[in-house]
Amino acid sequence: MKNLKINNRFTAELPADPDLTNETRQVKNTAFSYVNPTKPSNPKLIHASEETAALVGISKEEIHSEEFLNVFSGKEILPETQPYAMCYAGHQFGNWAGQLGDGRAINLTEVENNNTFYTLQLKGAGKTPYSRTADGLAVLRSSIREYLCAEAMYHLGVPTTRSLSLILSGDQVLRDILYNGNPAYEKGAVVCRVAPSFIRFGSFEMLAARNELKNLKQFVEYTIKHYFPEITGEPKEQYLQFFKKVADTTREMILHWQRVGFVHGVMNTDNMSVHGITIDYGPYGWLENYDPNWTPNTTDSQNKRYRFGNQPQVAHWNLYQLANAIYPLINETEGLEKILESFMDDFILDYKEMFLNKLGLFTSTETDNDLIDNLEAVLQLTETDMTIFFRNLSSVKKTDSVEKAIEKIQFAFYKIEEVSGEILDAWKKWFSVYLDRLNAEVLSDEVRLQKMNLINPKYVLRNYMAQLAIDAADKEDYSLVNELYTLLQKPYDEQPEYQKWFAKRPDWATSKVGCSMLSCSS
């Protein structure tokens, strides 16, 4: 990979852990620890993203080289690089968890391509000083989910990390998939993921909690210098501008999640990026039947903190924790509080506009809030598939009758027999108002359909789809991984050759582990 432009500015400019032993411990006064990946016994490339490779300066030919396989499986280390694991803390499910860090992520290096910097990180490449009681490895199951999801999210237009490669390690990894005392061996795998950086809210929380204010200042200023060079002014003003940027990009990310029906599942502060990109794809899922109270994470099944409808509020809460972390550099609350107060106000306005656009409405009226609220209510009267409903809504014409409009979206109903009586009346009432509202718009049906189909995806990575790919891959059949990767590169296109994936969750998936129930086990 001769054209890779290596850059080690993170390790050159931030304090390193002087202890080079790879033993689990509390690591203080540092941003990272040097650590080498665990060498896999028999790596095998399952898939690589040519798009992501091109981003970082790797050619199509190099993807299939032995060097690519060895470097991105952790078997070899790139010349002139020193891999490292980052130190950070976080709030998990609302509670302070203390030191966390890269427990099974190892950063290989940064590279520069076309005046943009990217960090290359292996997930599942072995133990680090932050692994606690874990082995630092990952299984094929979770690696396929992460690999496919990051690329699917990118093509949906959602800010995200990217996936470069998915490699089988050749080793067996012991996991208890539901944490119920039934561990079993699974195939090991390594994913290489790519981002501007993997700096998290928790990176600053760790330093603030330990009162390492010199290091905190150094880390914040490093982040501003390299990733927010447009920020200028006095130091305190720079810190506020930085916080505002993070708040704005976080708000935009959450808006996209709500637009496509994505539920992250583990919105801990250590899983929040300062770049406003989606990171750490664990027990995620897409809404199938529209249910704001749904979370895919079994760990959160009781309190549902990270449920779909609560993601904006959690993002807001997480930003409060980031504000608390950088407060010692500012020593004034007013500026931070102002940014935090405007977050939800701005989100509510943006959410309304986004939702109206999903409905094909590009002007605003006084009754729009009622239209949105009433739809969110009627969608829950009987199980209604979110993705299919909004996609098929684009085919409704201004001249359609209420009955015709309902007929066009009825494929979204999981139990069509329930759509009668009061439920049918509620749908008729909503569509009557919606059709009137459509007729107040100036866009033609054809133009509106095109615009709606660029907002409402036809294809998303439903959990049952990922599980089918996992089941096949477990038998060394990677054709579904390839097919889903190709399908999800164009989620807004009709792709009639893949029409079978434009389907509601099958009955068998309602109670299958990996489809309806997911844990953090990976």
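Every residue, even glycine, has its Cβ placed from backbone N, Cα and C.
Swiss-Prot names Gly101, Gly103, Arg104, Lys123, Asp135, Gly136, Arg193, Arg200 for binding ATP. Of Asp176, Asp248, Asp280, the residue it gives for the same site is Asp280.
The distance from the Cα of Arg193 (ATP binding site) to the Cα of Asn271 (Mg(2+) binding site) comes to 14 Å.
Rounded to a whole value, the Cα-Cα separation of Asn271 (Mg(2+) binding site) and Gly101 (ATP binding site) is 11 Å. Here Asp135 (ATP binding site) comes close to Arg104, Gly126, Lys127, Val173, Leu174: these same-chain residues lie at least six apart in sequence, with C-beta atoms under 8 angstroms from its C-beta. Across Gly101, Gly103, Arg104, Lys123, Asp135, Gly136, Arg193, Arg200, Asp280, which the record gives as binding ATP, the greatest C-alpha separation is 22 Å. Note: the CA-CA distance between Asp280 (ATP binding site) and Asp270 (active site, proton acceptor) rounds to 9 Å. Note on Asp270 (active site, proton acceptor): other Cβ atoms within 10 Å of its Cβ, all shown chains, come to 25.
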